[in-house]
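Heads up: the structure comes next, in structure tokens.
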Amino acid sequence: MFDGLKDKLSGFTSDVEEDVDDDALEAEDEPDADEADGEAPADQAADAEPATDAQSSEDDTQAAAAEPTAESDQPQTGSEPPAADSEAIDEPATASSTAVEDADEVPEEASQSDDTAVTDDDSASEADSESEEDDDGGRGLAAKAKLMATGKTVIEEEDLQSHLDDLELALLSSDVEMSVANEILDGVKENLTGQTRRRLSSTGNLVRDALRESLYDVINVGQFDFDERVQQADKPVTIVFTGVNGVGKTTSIAKLAQYFEERGLSTVLANGDTYRAGANEQLEKHAENLDKKIITHEQGSDPTAVVYDAVEYAKANDIDVVLGDTAGRLHTSDDLMAQLEKIDRNIDPDMTLFVDEAVAGQDAVNRAREFNDAAEIDGAILTKADADPQGGAAISVAHVTGKPILFLGTGQDYGDLEPFDPEEIVDSLIGE
Ligand SMILES: Nc1nc2c(ncn2[C@@H]2O[C@H](COP(=O)(O)OP(=O)(O)OP(=O)(O)O)[C@@H](O)[C@H]2O)c(=O)[nH]1
């Protein structure tokens, strides 16, 4: 599942990490920088010495960054001029840099300067480094060397931008929707260069974490606890399914019937697809396989009447959930929209779920947007994720519709339905 995308994302993280390492090595190759500034190397070594109390040092540093006027014997960040004991960098500024740490944990809420992500939990000289940058508007070689000595590494912003361009291409070629790709890129850049809003546990690798957080933000949109909502709703719960023909809508309804049974909830199926010849037989086959009651009417009859009858049946027989199929005609069909509106008006379903196939990529994303615009959906099921190397639809649908993906279809068996867990998906894409 999504193997092509996984490879591309892994290419991005390793390329950036390589550049980070290269920059760090370059910095290391310039040991004379401070000496040329008239600095005693011993000063630098002393500055670079890890604090004896790493935690309190980190706290101090964060406090200093957050409150520039706070009393501290360390140089202040922000608009404060460097304190007298800060290391002077006479060297001309190199291109503006982004400092990233490639090891250790990142603090929950690292408060940092706008163009720098400096995070460290064992350094006493973070504020020194930041003030040096403020001092000369860029990070000099001495500062790079110092970052290296404190376990930090650096990447030039222009290098990062070229990686971001590669990432954009990778995302677009994996069928990620353009606005979603841009959102991911902005997120990665912000996570690498600005204040980190950490929502996932750290992998200890800042580049990978930046990408994970950014992906998580776009695919986690609108998530709610589907099981809890169904369990807590008044019974019967009515769920109506929309989506075009052939994407796996009928199969998904059958899979959900089994899913509910495994959670102690009974179901009745309703074939509201009265338009297509053979639709009754198709759903009947699933109902027979799963030993479920099914309500059908003749082809051409009113779909609302079918779902209505199923709801009545559920009330009379103490059935928990009504699963109603609808005709899979194209969303541009006024008939279809009128049909859904009529079901909405007369039955007021608890949820309308949009079903499409992950393998349809951009087409699935566009259809999700259009269906949601025409007849508001509550969530989506993406089928055939098992056959999709791209992952573009899985990443884009929630952000584009504002409604969550709730399940992935992962095969043709009834058990092949997986709740969509954004954190798990991100971990499987990026690696934990
Ligand atoms: N590999 C794979 N195949 C699936 C999945 N879900 C459904 N299919 C297959 O996709 C084909 C179409 O599924 P249907 O359930 O008939 O599709 P539908 O949307 O109901 O189609 P209509 O009834 O024509 O509207 C069937 O062969 C299913 O077995 C899935 O998650 N993975």
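In case you wondered, yes, glycine gets a Cβ from its N, Cα and C as well.
Unlike curated records, TrEMBL annotations are generated automatically.
A quick note: this is a predicted structure, and the numbers were derived from the prediction, not measured.
Per TrEMBL, the feature GTP binding site maps to 243-250, 325-329, 383-386. Under the heading compositional bias 'Acidic residues', TrEMBL lists 15-40, 101-136. Here TrEMBL flags 404-417 as domain 'SRP54-type proteins GTP-binding'. What TrEMBL records for 1-140 is region 'Disordered'.
Shown on the structure are the features that TrEMBL records.
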residue: G243; record: GTP binding site; Cβ within 10 Å: 26
residue: G246; record: GTP binding site; Cβ within 10 Å: 9
residue: K249; record: GTP binding site; Cβ within 10 Å: 27
residue: T326; record: GTP binding site; Cβ within 10 Å: 26
residue: A385; record: GTP binding site; Cβ within 10 Å: 25
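In the three-state DSSP reading, T326 (GTP binding site) counts as strand.
The domain 'SRP54-type proteins GTP-binding' (404-417) scores a mean pLDDT of 97 in the predicted structure.
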